[in-house]
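Worksheet: one structure, shown below.
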Amino acid sequence: MTKPLLEVSACYRSFQAGEQQLTVLKDINLSIARGEMVAIVGASGSGKSTLMNILGCLDKPSKGAYFIDGQDTSQMDVDELAKLRREHFGFIFQRYHLLGDLNAVGNVEVPAVYAGKDRLERRDRAESLLSRLGLGERLDHKPNQLSGGQQQRVSVARALMNGGDVILADEPTGALDSHSGEEMMRLLQELHREGHTIIIVTHDMHVAQHADRIIEIKDGVIISDEPNLASQTAVKAQVDMSLAKPSGATRVAAWDRYAEALKMALLAMSTHRLRTFLTMLGIIIGIASVVSVVALGEGSQREILKSISSMGTNTIDIRPGLGFGDRRSARVRTLTASDANALKNLPYVDSVTPSISSSVTVRLGNKAVTASVNGVGPEFFRVRGYELAQGQFWDDDSVDALAQDAVIDDNTRKQLFPDSTGAMGSVIGQVIFLGDLPVRIIGVTKPKESAFGNSDALNVWVPYTTVSGRMVGKKYLDGITVRLDESVPSNAAEQGIITLLKMRHGTQDFFTINTDTIRQNIEKTTATMTLLISAIAVISLVVGGIGVMNIMLVSVTERTREIGVRMAVGARQSDILRQFLIEAVLVCLCGGALGVALAYLIGVVFAQAGGSFQMIYSTTSIVAAFACSTLIGVLFGFLPARNAARLDPVEALARE
């Protein structure tokens, strides 16, 4: 005796309805041979559709066994059942269940995509099947552009796409007019003659009369199973239903499934443009905030460090006392020019400048202004980064000779010589009085901008020996500034300077100010502020991610029937998971791209508005923004995608 193709043994199917258990199928025993055309007839609620779902591997018996070509399906997992549906079964639904976003060819191709067929091969087969079914002129039409009969023929072509060894037709004429219904039945009989196993589920005995065997079911029990002698169709060939068909699990096939998921994600996004944009909005704002804050922090930090550099890079200032605010500092008189000379001999010191400061009245003719007179060494201007606009600086000979030469800043020039413009030839060589001391102007410095603002103070620089010997009459210094070699760590050099001066003074009666320490503190403060504000901006990203999850849950609910159709034609759980996960990630990636664009726009507006510094965008922050948006898509898209993948195909198909 020939082994049956499909065999159901002692099958029961029960459902939980509240606190009651409803048994829909009761002790079903049924076998269907390869190449048969069988009609299962019954009234609504008889259990015929439930039996069809079990036969088509959309459902499993609650009790009993179901064998396909001798293999027990009860031992198969969901993906193995999906493989059977994909490679051996084809479904024709009463409501067609076509995917509205795809055209006729696209709908027919879907089973082949999940089977891993080559793109050109599946396109040729889809077009060939549709042409054979009389839809050669409707290949690019979407379901809403086709009549009921045409949609049903697309459904038939889809069922045949991967071979359709077993065709399960659920009320195939239920939504068609009588003429289209007759055409459909003739088509099913033709497929039967070609060797396909046809199982028709119907409530209409007239439709059942087209089959070679009629099984009648009532209240979940088979009450009749008789051959239909009036319709015995000669079968021309047998369709091969070996369970060892190639699975299509190649790398190219996997990429094709990714491409299909990406295409469907783009279609879903374009169908609901406004909703998609509003979903992205939280991501856009969050990414723009993070990128802009990092750019602002980087820009402000660079500007501040530039200002610190303008005051002298890699320098250490030495002041009397134990710190700012030390009341005893005015009585400490131990810093001397010999200390400066000793420091100059250290191997890691580039240059040294002593300093003595005093505030005096500067007079020129009948003009008198209050200015800060700074007695410094010849290398002071190099240490502090001053540049000449006119004239020259003095040298060591001027220091030794207590020369009465002065360099003034641009503010002093404007106050004393308001009419000097251009080459300023009238300034160089002019004599001004510092108190009662006449000095000759030999140079004018260029204006010096700072992120802290341009000072209005008036500065006059003369040799420190001149201030000490001719103006204030003191032998000690107000401070010493040391410029370090660029290759030396400033902290180590600072300790060396402190050690030397402690040895010379016998105690530590001075303190140091390391500009590198200031720079490090500013960098730390800026980084902390950037992190704090970015953390606040991340909240927007989290809110945006919750919005993505919410909309994806809505999308899963809206597209439940689509998910059911895809499962019916053989989609694995991983295929459904991938499709919705890609959609969530794509929404977040697009939001990330728009967020980065918005951040750049903010930078342009900031520059046009006259910001005091430029926003500096880093590649790292942009890459991190995209990585963050992708991560949000994965994290917040996983739950909806998992829910979609875990849907029961029978329930999904029944959902309106």
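Numbering starts at 1 and runs along the chain as displayed.
Each Cβ is built from the backbone N, Cα and C atoms, and glycine gets one as well.
Going by Swiss-Prot, these are the annotated features:
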type	residues	note
DOMAIN	6-244	domain 'ABC transporter'
BINDING	Gly42, Ala43, Ser44, Gly45, Ser46, Gly47, Lys48, Ser49	ATP binding site
TRANSMEM	277-297	transmembrane segment
TRANSMEM	531-551	transmembrane segment
TRANSMEM	586-606	transmembrane segment
TRANSMEM	621-641	transmembrane segment
Candidates Ser44, Ser46: member of the binding-site residues with the richest Cβ shell (10 Å): Ser46
Neighbour count (Cβ, 10 Å) for Lys48 (ATP binding site): 26
Assigned conformation of Ser46 (ATP binding site) - DSSP reduced to three states: coil
Neighbour-count leader, CB within 10 A, binding-site residues: Gly45, Gly47: Gly47
Cβ contacts of Gly42 (ATP binding site) (under 8 Å, same chain, 6 or more positions away): Lys48, His203, Glu216, Ile217, Lys218
Cβ neighbours within the same chain of Ser49 (ATP binding site) - under 8 Å, at least six residues apart: Asp170, Val201
Cβ neighbour count (within 10 Å, all chains shown) around Ala43 (ATP binding site): 12
